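Asker: Quick one: the structure is below, and I'll ask about it shortly.
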Amino acid sequence: MKKVFVKTYGCQMNEYDSDKMVDVLNATQGMEPTDNVEDADVILFNTCSIREKAQEKVFSELGRMKALKAAKPDLVIGVGGCVASQEGASIVSRAPYVDVVFGPQTLHRLPDLINRRQQTGLSQVDISFPEIEKFDHLPPARVDGPSAFVSIMEGCSKYCSYCVVPYTRGEEVSRPFEDVLAEVAGLAEQGVREVTLLGQNVNAYRGAMGGTSEIADFALLIEYVADIPGIERIRYTTSHPKEFTSRLIELYGRCDKLVNHLHLPVQHASDRVLAGMKRGYSVLEYKSIIRRLRALRPDMSMSSDFIVGFPGETDADFDKLMAMVHEIGYDTSFSFIFSPRPGTPAANLHDDTPHEVKLRRLQLLQATIEENVQRISQSMVGTVQRILVEGPARKDPTELHGRTENNRVVNFALPGVPQAQRDRMIGQMVDVNVTQAFPHSLRGEFVVRQ
């Protein structure tokens with residue numbers, strides 16, 4: 001049986017796409033995934049171009065594949081994702097041993113691209129944008145555990161000044177309303193209890209409702225997903241403050257299946273910097289969303305993306321960012337130094353801030369966020385948390401592990417509980433009393449419901 005190895009860079013959208021690459025090759029060519037690159041008949045790199053460092057990692061990885069390709073001439077090497085969209089045929093020019101190059105919207109054509117490469121001996125490149133076509137050609141999802149990603153829309157139409165996503169993934173296109181619900185229902189029938197709805201700007205979803213001219217917004221989609229039997233938790237990422245409607249906020253007051261955790265990227269806390277980024281909202285507007293959400297859910301956990309060192313960022317601008325991090329109390333977040341991307345407006349902005357200053361700012365920001373993370377984890381000690389059990393604990397298979405609503409891994413023992421009963425708990429919701437907080441996980445005790 002042939003095997004496929006996939007290395008994924010970047011966001012959860014890429015993780016979802018990588019799973020679909022495996023699914024489509026399994027359905028059409030009977031390939032099975034492998035974690036050992038040397039065992040693979042097909043090696044795929046699903047790439048990210050959001051920062052220069054991530055992009056260069058891909059070419060470094062490709063360089064290491066040259067010897068493997070020489071030893072196995074029939075090996076197929078493919079590059080997908082956003083670097084593929086951005087670089088296209090130049091990838092083959094730089095690494096002639098690459099066989100196929102495909103974009104996020106053409107991954108469903110992967111079997112045909114591989115076949116054409118094998119028949120013609122020529123590298124194949126397809127980085128077109130056939131909108132939402134790929135979802136019509138993908139096989140049903142293969143379930144691996146009680147949680148699953150569901151892509152509901154593709155692309156981005158916001159054109160932030162620093163971002164390549166609109167150029168590499170195309171404009172915003174939403175999947176039809178009924179198609180999304182059918183996929184979620186199919187996952188629920190296979191034992192999935194938690195879905196994460198995915199999109200570059202997931203709350204910009206506007207899906208056509210079959211047989212009518214009506215359009216479903218994101219809040220309506222969530223309401224319908226919540227009504228699907230078996231679904232107990234709903235997450236989504238990545239949301240955009242500009243698309244955060246009152247309807248969506250109000251949903252947190254009446255939909256218990258929406259978790260108490262939200263990733264809402266602010267990027268910065270200076271209105272001047274936000275304007276330069278072309279984010280389309282003010283700091284006050286962003287804070288208003290948080291205030292209204294926490295009025296409904298006082299324990300709402302917030303995470304974000306942050307960019308430091310954007311051209312023209314002053315010490316005063318950075319101080320505003322740090323003040324907001326303290327004020328909001330952000331949980332685990334993503335933070336980076338500004339990386340100019342070719343073809344974006346921000347790449348042409350004058351930047352006179354020394355790299356050492358940017359690095360110092362980033363380190364301070366990350367240290368403060370980590371303090372918040374540890375404080376939040378410590379505050380959970382002594383509380384009973386509802387856990388979705390994912391499987392045996394990694395370090396001790398006699399224990400189980402799962403996740404809290406705010407996305408923390410909890411390992412817990414079940415003294416006196418027979419193995420067969422433990423196995424049945426996987427995929428179920430259980431109560432766990434948190435007893436210890438560690439840097440990257442929690443520990444607890446199983447609570448028997450009376």
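Glycine residues also receive a Cβ, built from the backbone N, Cα and C atoms like all the rest.
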Asker: Among Cys48, Cys156, which residue does Swiss-Prot annotate as binding [4Fe-4S] cluster 1 at the site that also has Cys11, Cys82?
Answerer: Cys48
Asker: Nearest by CA distance to Cys48 ([4Fe-4S] cluster 1 binding site): which of the binding-site residues is it, out of Cys156, Cys160, Cys163?
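Answerer: Nearest in space to Cys48 ([4Fe-4S] cluster 1 binding site), counting only the binding-site residues, is Cys163.
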Asker: Cβ within 8 Å of the [4Fe-4S] cluster 1 site centroid (Cys11, Cys48, Cys82 excluded): which residues?
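Answerer: Apart from the listed residues, the neighbours are Tyr9, Gly10, Met13, Asn14, Thr47, Ser49, Ile50, Ala54, Gly81, Val165, Thr168.
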Asker: With DSSP as the reference, give the number of residues of the domain 'MTTase N-terminal' (2-119) in helix, strand and coil.
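Answerer: Once the DSSP states are binned, the domain 'MTTase N-terminal' (2-119) shows 66 helix, 22 strand, 30 coil.
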Asker: Rounded to an integer, what is the Cα-Cα distance in Å between Cys163 ([4Fe-4S] cluster 2 binding site) and Cys82 ([4Fe-4S] cluster 1 binding site)?
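Answerer: Answer for this pair: 12 Å between alpha carbons.
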Asker: Compute the mean position of the Cβ atoms of Cys156, Cys160, Cys163, which form the recorded [4Fe-4S] cluster 2 site, and then list in sequence order the other residues of that chain whose Cβ is within 8 Å of it.
Answerer: Lys158, Tyr159, Tyr162, Val164, Val165, Pro166, Gln200
